[in-house]
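Noted in TrEMBL for the protein shown:
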- VAL13, GLY14, ILE15, ALA16, SER43, ARG44, ARG45, TYR97: NADP(+) binding site (BINDING)
- CYS281, CYS292: Zn(2+) binding site (BINDING)
- 7-124: domain 'Gfo/Idh/MocA-like oxidoreductase N-terminal' (DOMAIN)
- 132-244: domain 'Biliverdin reductase catalytic' (DOMAIN)
Amino acid sequence: QINKMFGTVVVGVGIAGLARIRDLMNPMPSSPSEHLKLFGFVSRRSFGNINEAKQISLEDALTSKEVHAVFISTENTSHEETIRMFLEAGKHVLVEYPMALSAKAAHELWEMAEQKDKVLHVEHIELLTEEYKQLKKEVAGKDLVKGTLHFTGHVLDENKAGFPAFSGIARLTWLIDLFGDLTVTSATRVMQKDKNYSRMTVHFETTNKKPLTWIEERGPGMRREKKINFCFTSGCLEDFPQAPRSAVGLFMQDQNLFAKKLLGQVSKEELAAEKWRILRCLDLAEVIQQHCEEPEEICS
């Protein structure tokens with residue numbers, strides 16, 4: 001494995017795709033990323049070349065023997081189909097979260113990857129930020145009494161991004177990673193179509209029956225921001241702990257993690273824990289969507 005090189009293609013060249021191309025072309029010295037070699041990129045738009053990266057057809061990406069792995073950076077609605085195509089073609093897959101917009105599809109794709117003995121890696125840069133790493137340290141070992149995570153952001157096109165429980169799964173991932181398994185007790189959604197405004201409110205319980213609330217709010221001109229209020233037996237945390245800027249970019253950290261998996265350098269325990277977390281969050285996202293889409297019942 002030491003000298004093995006993995007030919008890699010990037011599918012989709014939005015902001016994330018361009019960052020992926022840049023990082024593949026400039027791997028961190030003596031990091032696992034040096035085992036990834038950019039073969040080309042695929043886009044519906046016609047670019048020709050981006051820097052030294054060449055545009056190739058989807059067909060070439062799927063059939064070329066020199067391509068071993070794909071980075072999928074397309075809109076959320078096309079993740080499932082693209083993952084399926086590349087797994088069927090026998091390629092390793094890195095995909096931006098959410099990996100799919102239904103729990104059933106996610107479980108099927110994961111099984112398929114395992115049957116084909118391919119790495120299926122879902123990017124979760126929200127767990128790699130210094131801000132989050134500090135928060136996790138701060139929360140460790142404390143007893144939760146109750147908590148709220150409130151996200152605001154600009155309007156998303158749901159036809160591309162999917163339902164907010166899926167497009168906002170980064171927040172759900174935080175809560176599960178910080179506080180362990182959760183159960184949805186209720187979920188509702190308020191929409192003002194004329195104002196392009198949406199607010200989803202989800203109530204969870206931890207395994208210790210403590211309440212957690214997740215609010216995902218989006219509207220025109222809303223700043224991208226997370227607010228926390230976590231109360232513990234020892235006191236409340238309302239601000240993010242101060243965190244230094246990381247020397248290594250988030251996509252590069254994620255790329256290194258993917259390369260480590262390709263090289264067989266990630267333990268079975270870590271892989272199993274990650275699989276559980278990813279699929280659990282997608283299961284919960286689906287439960288939330290079902291709650292929000294149920295007609296209002298007039299019973300308590």
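Note that Cβ sites are derived from N, Cα and C of the backbone, with glycine treated the same way.
Location within the structure of each feature annotated in TrEMBL.
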residue	record	Cβ contacts under 8 Å, 6 or more apart
VAL13	NADP(+) binding site	ILE21, PHE41, SER43, ARG45, PHE47, ILE50, SER73
GLY14	NADP(+) binding site	SER73, THR74, GLU75
ILE15	NADP(+) binding site	none
ALA16	NADP(+) binding site	SER73, GLU96, PHE251
ARG44	NADP(+) binding site	none
TYR97	NADP(+) binding site	VAL122, GLU123, HIS124, ILE169, ALA170, THR173
CYS281	Zn(2+) binding site	ILE169, LEU172, THR173, ILE176
CYS292	Zn(2+) binding site	PHE163, ALA165, ALA187, THR188, ARG189, MET200
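Among the record's NADP(+) binders, VAL13, GLY14, ILE15, ALA16, SER43, ARG44, ARG45, TYR97, no two C-alpha atoms are more than 22 Å apart, and one pair sits at exactly that spread. Summed and averaged per residue, pLDDT over the domain 'Biliverdin reductase catalytic' (132-244) gives 97.
Mapped onto DSSP classes, the domain 'Gfo/Idh/MocA-like oxidoreductase N-terminal' (7-124) shows 47 helix, 30 strand, 41 coil. Most Cβ neighbours within 10 Å, among the binding-site residues SER43, ARG45: SER43 holds that distinction in the structure as shown. Counted with DSSP, the domain 'Biliverdin reductase catalytic' (132-244) comes out as 30 helix, 50 strand, 33 coil.
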